[in-house]
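Accompanying notes for the structure given below.
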Amino acid sequence: MTAVALGLPRVRPTGAPSTLGRPDTEALVDRYGRVAHDLRVSVTEKCSLRCTYCMPAEGLPAIPREDLLTPAEIGRLVGIGYRAGIRDVRFTGGEPLMRPDLAEIVRRTRAAAPGVRISMTTNAIGLDKRVDELVDAGLDRVNVSLDSIDRRHFAELTRRDRLPQVLAGIQGALGAGLSPVKLNAVLMPETLAGAADLLAWAVEHGCRLRFIEQMPLDADQNWDRDQLVSAERLLDVLGARFDLTPVGREDPSAPAEEWAVDGGPATVGIIASVTRSFCGDCDRTRLTAEGTVRSCLFGNEEVDLRALLRTEGHDDAATDAAIVAAWQGAMWAKPFAHGLDRGAPDTGAIGGPADDPEAFARTERSMGAIGG
Ligand code: SF4
């Protein structure tokens, strides 16, 4: 496994996390009583863009093909997660469309977990050409990353002049009946000026736009709390052009707070990860492309499930029970918020002291190596 220049995450030997005090339940519960229902699966570190708030200009070091989970392994893990209560599976990356076998991954996921909602976070480049095979395989919905509809500005932010392909991908998703098509825009000083235009475009095209407060997950580690554009600031800017009425969250664990735009039905969402943390209701668990469990986006403790999967066919082959036990152990140890535990010693948290709700653990992987 190769890691970005940020160093290697501490991968614990399989099944080592303490489960002291854990209730006897199949569910992926943590010490704060939160239960995971939403599984995010990163399937690659590769991407067709180089967004400045995510990837280094040269991209992330390649993960050797043999270290990536195969479609069969992803199917098996999703099946195990499904029996432990997972009801949403979201494929992320890097960029999932960079996997030529993505339709096979979706097909095996649908077969292993018939009742789950399958979605994907994508930059939509090339989606118009592959959406039919992905929908046939079982894809239900997409979140498309789009920070600007100004072509020059888009090229600056992503270091690639590919806005027309992104818009074609969004049209492809709408045309294939994927609904709702959600748009994710990272809120930064650079994108604030274009936020109202982006919202107008989303409303006009029937997409649901959500702005995300920028988190310290950039590979170049340039995140600066003082540069943060807060949800409040954005509401001021949008409120100058639109009539916004708060309508709350879709459900308590949904990261986005929603506002009706000009009386609705269109809405706009804000994922205020920094200034309005929603960790207390977090129901997410993550698998990296290499098959380790990350209990939290900012948690640096990872548990290796791939090693267990690859004992298949050996005398000591790991059973599904052994794999779910390792996964349960990883989730039981989940930190409270932003990768930090309440009252944890000040281990060099970013953005404030460790017990500050707006502080973050310094993660050893960047967003491109975790997935949203
Ligand atoms: S930072 Fe961690 S605990 Fe908080 S919402 Fe994200 S994944 Fe959940």
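Glycine too: its Cβ is placed from the backbone N, Cα and C atoms.
A TrEMBL annotation is a machine prediction, not a hand-curated record.
Quantities reported herein were computed from a predicted structural model and do not represent experimental measurements.
Positions annotated as GTP binding site by TrEMBL: Arg40, Arg90, Thr121, Lys182, Arg284, Thr285, Arg286. Residue density at Thr121 (GTP binding site): 20 other Cβ atoms are found within 10 A of its Cβ, drawing on all protein chains shown.
DSSP assigns Cys51 ([4Fe-4S] cluster 1 binding site) to coil in the three-state reduction, placing it in neither a helix nor a strand. For Cys51 ([4Fe-4S] cluster 1 binding site), the number of other Cβ atoms no farther than 10 Å from its own Cβ, over all displayed protein chains, is 19. Look at TrEMBL and you will find Cys47, Cys51, Cys54 tagged as [4Fe-4S] cluster 1 binding site.
What TrEMBL records for Tyr53, Gly94, Ser145, Met215 is S-adenosyl-L-methionine binding site. In sequence order, Leu157, Val186, Met188, Gln214, Leu217, Asp218, Met367 make up the list of same-chain residues 6 or more apart from Tyr53 (S-adenosyl-L-methionine binding site) whose Cβ falls under 8 Å from its Cβ.
Under the heading [4Fe-4S] cluster 2 binding site, TrEMBL lists Cys279, Cys282, Cys296. For the recorded site, Cys282 ([4Fe-4S] cluster 2 binding site), the DSSP three-state label reads coil.
Residues or ranges marked as domain 'Radical SAM core' by TrEMBL: 31-249.
For the binding-site residues Gly94, Cys279, Cys296, a Cα to Cα distance of within 10 angstroms from Thr285 (GTP binding site) holds for Cys296. Only Gly94, of the binding-site residues Gly94, Met215, Arg286, have a C-alpha within 10 angstroms of the C-alpha of Cys47 ([4Fe-4S] cluster 1 binding site).
Not one of the binding-site residues Cys47, Tyr53, Thr285 has a CB under 6 Å from ligand 1.
The residues near the [4Fe-4S] cluster 2 site, meaning same-chain residues not in Cys279, Cys282, Cys296 whose C-beta sits within 8 angstroms of the mean position of the site's C-beta atoms, are Arg34, Phe278, Arg284, Leu297, Lys334, Pro335, Phe336, Ala337, His338, in sequence order. All protein chains shown were included, and the count of other CB atoms within 10 Å of the CB of Cys47 ([4Fe-4S] cluster 1 binding site) stands at 23.
Between the alpha carbons (Cα) of Gly94 (S-adenosyl-L-methionine binding site) and Cys54 ([4Fe-4S] cluster 1 binding site) lies a span of roughly 9 Å.
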